[in-house]
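Chemist: Below is the structure I would like to discuss, written out as structure tokens.
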Amino acid sequence: MALRKLVAGNWKMNGSLAALAELDAIAVAAGAHAGIDVLVCPPFTLIPAAVARAPDLIFGGQDCHHAARGAHTGCVAAGMLKEIGAAYVIVGHSERRADQHETDADVQAKARAAIAAGLIAIVCVGETEAQRDAGHAGIVVSNHLDGSVPPEATEVTLVISYEPIWAIGTGRTPSLADVAEIHAIIRAKLIDLLGRAGERVRIVYGGSVKPENAADILSVADVDGVLVGGASLTADQFVPIVEAAAAAIG
Ligand SMILES: O=C(CO)COP(=O)(O)O
């Protein structure tokens, strides 16, 4: 089933007020291709200025807390993101699972908070290189989904991002056959967990997506978009990926 494609940029802990100038050309490209969703997830501090600069683009956060408010120094609630104009939030990125020791249960709680606040949760899953070498990529991803997907999620409130950890920031990507295999496993698991809604939840791929490989990756069955790190930081790199997604829908 062809779902609406999502091209998302995760700026991670990069960017500055000056870097928001990159949004101008990204917004032009997004405006020219109304059939796809173009999302940028800058650091929290830049979101209000990003929304002001490019009001027609879609913005998201890179994390949220599982609670709606309270004594959680340094954290940001999903409702706070919503209030400043975010529509999405990434939860369970492998960098947070590693650096902040987030578990599947934590990720599920964050996704539930995001959905309750009216955001779309992008839940990240993916295996390490050792797990892939051991032949466990499929089961690792399945287990992440079992633990992290909120039962109330629908195609409107959830996106899954398959990000093999060994492909993030390395310039290495799985073969297209490997991407297809894992996305098919994710699709089957989503249907198992969410019923008919699972057929329509978008599954995006992340990990060293570049202008050079975007068209190939976007041509794979059940790849409903991409989550781009390094190549989302400049319009020079990100716009061609947006164009590749637009070309993929014809
Ligand atoms: O982690 C990623 C997106 O969330 C991918 O990062 P890179 O595109 O830099 O490999």
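FYI, residue positions are counted from 1 along the chain as it appears here.
Each residue, glycine too, has its Cβ placed from N, Cα and C.
Annotations in TrEMBL come from automatic prediction, not curation.
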Chemist: Going by TrEMBL, ASN10, TRP11, LYS12, SER208, GLY229, GLY230 bind substrate; tell me which of GLY35, GLY169, GLY250 is listed for that site too.
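Modeler: When TrEMBL describes the substrate site, the candidate it includes is GLY169.
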Chemist: Within 10 Å of HIS93 (active site, electrophile) (Cα-Cα), which of the recorded positions GLU163, GLY169, SER208, GLY229, GLY230?
Modeler: GLU163
Chemist: Give the distance between the Cα atoms of GLU163 (active site, proton acceptor) and TRP11 (substrate binding site), rounded to the nearest whole Å.
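Modeler: Spelling it out, the Cα of GLU163 (active site, proton acceptor) and the Cα of TRP11 (substrate binding site) are 15 Å apart.
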Chemist: Please report the DSSP secondary structure of ASN10 (substrate binding site), reduced to three states.
Modeler: strand
Chemist: With an 8 Å cut-off on Cβ distance to the ASN10, TRP11, LYS12, GLY169, SER208, GLY229, GLY230 Cβ center, who else from the chain surrounds the substrate site?
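Modeler: Here the nearby residues are ASN14, ILE168, VAL228, ALA231, SER232, LEU233.
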